[in-house]
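Here's the structure, in structure tokens; my notes come after.
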Amino acid sequence: MSKLNQILFPSEHQKPAVLVLSDGTIYHGLSIGIDGKSVAEIVFNTAMTGYQEILSDPSYAEQMVTLTYPHIGNTGTNAADNESAHVYAKGLIVRDYAKTASNFRNEENLQSYLIKHNVVAISDVDTRALTNKLRVHGSMSACIMSGEVDVDEALKSAQAYPGLAGLDLAKVVSCEQSYQWEEGTYSLEQIGFKQNQEKTFKVVCYDFGVKRNILRILDDLGCDLTVVPAETSAETVMAMKPDGVFLSNGPGDPAACDYAIAACQAFLQNKVPLFGICLGHQIMALALGAKTMKMKFGHHGANHPVENCDNKTVLITSQNHNFAVADENLPETLSITHRSLFDGSIQGIKHKHLNAYGFQGHPEASPGPHEAKIIFEPFIQAMKQESHNG
Ligand SMILES: NC(=O)CC[C@H](N)C(=O)O
């Protein structure tokens, strides 16, 4: 098939697909992925761009994503925009799949990308009605079936799915072996990733499902990065003599990651500068004695306003979380640095006496606005200060 045909007619004919929610709601549509069945928790994401980065964000393991932006597929996909080596989302739900991908960076249309990565996906769904339902009722289990469709079986599967609470997925998606990361952020001028030579700090990054753009930003900021598997002990990491430890984003319930909470407590005891993003922030909070809770429908999007509690400035942030640090019984040693302007939930914390910082949103964006990049600064400053102190 010629490239033009591939773009205009991504499949010979479109097969039927169905999305069934655990409350019995049924949406019929068309398959834009593989034939098959997928069962997971369903969430909605309000980002207007970045479907490829969303699909390849490991934090979406065991979730299927409905995108509220109606036209999906218009910019195609490319190798540079993957946030990891796989697609982790367990399904994709869209309103209108764009059969023509038009972008100078396009390498492969979304449908063949989905098929290549074994994703079940459905288009022609009333995603506005679906999102309204999820907002009112909260997250639910759901099943997508495509190709051969059996609504009764889909409903049974959706209702049997237990949900995310209590699930430790960080160690499932984590890397198997440690590795060095040596790549900066993407430069449109260079049409490629920056190669930064100057490395000032040795940082060990716990991979709970890390997004590549976090590593790239840390690389830009002068960090010599060693990425380690989720279950690496604190002793192993301390033996590497890091200037700081970074705790990544990742899927699942933070309270189930007891090994990571224990490692984090050891770093706090040893006064190693710590910085956690999303799951990493939640794990750090748990290590410090805070509690986490499951939210009604979470935060997923690239347009979430977050207030800096000190100076009352607002950041528009990228978000993807279903759990949050609870206000109740927050230890005295922690101060709240940021709150969501949507629902008031805790979005940032710091320890009052140690160099330990957590941010609930995704300051690396990808997709999303870049203004939250300043969130990396306190960690970098803490490592600078520690190296001055000796
Ligand atoms: N993006 C993330 O790191 C998500 C953290 C956690 N799994 C949550 O859903 O809240």
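Here, residue 1 is simply the first one shown, and the rest follow in order.
Every residue, even glycine, has its Cβ placed from backbone N, Cα and C.
Small disclaimer: the values here were computed from a predicted structure and weren't measured.
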Site-mate of GLY250, GLY252, LEU279, GLN282, ASN320, PHE323 for L-glutamine in TrEMBL, selected among SER56, SER59, SER84: SER59
Per-region confidence, the region 'CPSase' (1-201) (mean pLDDT, whole number): 94
Distant-in-sequence Cβ neighbours of LEU279 (L-glutamine binding site), under 8 Å, six or more positions away: SER59, ALA170, PHE208, GLY209, LEU247, SER248, ASN249, GLY250, PRO251, GLY252, PRO254, CYS257, HIS321
Residues SER59, GLY250, GLY252, LEU279, GLN282, ASN320, PHE323 [recorded L-glutamine binders]: greatest CA to CA distance in Å: 13
Residues within 8 Å of the SER59, GLY250, GLY252, LEU279, GLN282, ASN320, PHE323 Cβ centre (excluding the L-glutamine site residues themselves): ALA170, PHE208, GLY209, ASN249, PRO251, PRO254, CYS278, HIS321, ASN322
